[in-house]
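K.L.:
This is the structure I have questions about; it appears just below.
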């Protein structure tokens, strides 16, 4: 890491001591320290969450590097580094000289590519940890997922003390568990390397490439007719700006003296909503019909399981991507919402955007997907 006080600054300090102008010296040193603390890198900054994070960091006065495998935006305020996070040679220049790294790179959960998840989420993250240490980075903030404790059964107001899932619902979750364990296990205050993990759930908002587009595509294809279960299961959906806010709070509160190091924190909108109510509001906001027929949860789950087995059998010949997998049925038909109390107490977290405002802004941002009646 670059020295906190450069050689010219040391000369200035020496001269100032001779003139007994110590207040100016202290002010200059403090300014240097503040500037260093606000130098960061966003790994995965071209993605959905990453772009929103970069925008909020810039608005708060941070100097931002972006590291990504693809160029997702062009912003002259940002230093962009193109590369593979599994390559230390690619990654090191983007981390050298920064105080904080936000690691939010991951393949989308829907990709279902086991090898890709393992390579990026686990192998890549281990490389991030080692390269951070080599580059002198002091803080590593990981974007994890609340799904690391979800096994397809109800979770109501779940806390971070719940154990990791013994039977993760998909490859994404399986590798996020490995990833989070690696990052939290690397926390080392004695060597001035501090880590924490943010666990959002159901991220949505403007420019979302997954939830809303996939939902609308399913509606257009006539696949959003049925509610799985009774439709009363509460779920956490989290507006992207609230997720970013949680990351930045964690970075700013993380220190040797804080209780954040080596711990995970749930970050949600703190307003659990029935899963099907959320989807219905998005659909009707874009002029699509809400699902109105009900199918028992157990029927949907076993049908999805049977279909998945069939897809596995014929996969050497035909490649199919079923809409409702057992994982998606579990996500759609069970309770899974999480407590933010730890984040509230440790870092003063409160959602910045309410669910009503978040949904309105999201719907307005996808007007191009609106159905014309």
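Count begins at 1; order follows the chain as displayed.
Each Cβ is built from the backbone N, Cα and C atoms, and glycine gets one as well.
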K.L.:
Check each of the ranges 366-369, 370-373 against Swiss-Prot and return the one annotated as motif 'Prevents secretion from ER'.
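P.N.:
Range annotated as motif 'Prevents secretion from ER' by Swiss-Prot: 370-373.
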K.L.:
Looking at 256-276, 277-297, 298-318, which stretch does Swiss-Prot describe as transmembrane segment?
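P.N.:
It is 298-318 that Swiss-Prot annotates as transmembrane segment.
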K.L.:
Name, in the order they occur in the sequence, the residues of the same chain whose CB lies under 8 A from the CB of residue 172 (active site, proton acceptor) and which sit 6 or more residues away.
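P.N.:
In sequence order, 106, 107, 109, 111, 117, 121, 145, 147 meet the Cβ cut-off.
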K.L.:
List the same-chain residues at least 6 positions away in sequence whose Cβ sits under 8 Å from the Cβ of residue 176 (NAD(+) binding site), in sequence order, or say none.
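P.N.:
Expected: 106, 121, 144, 145, 147, 148.
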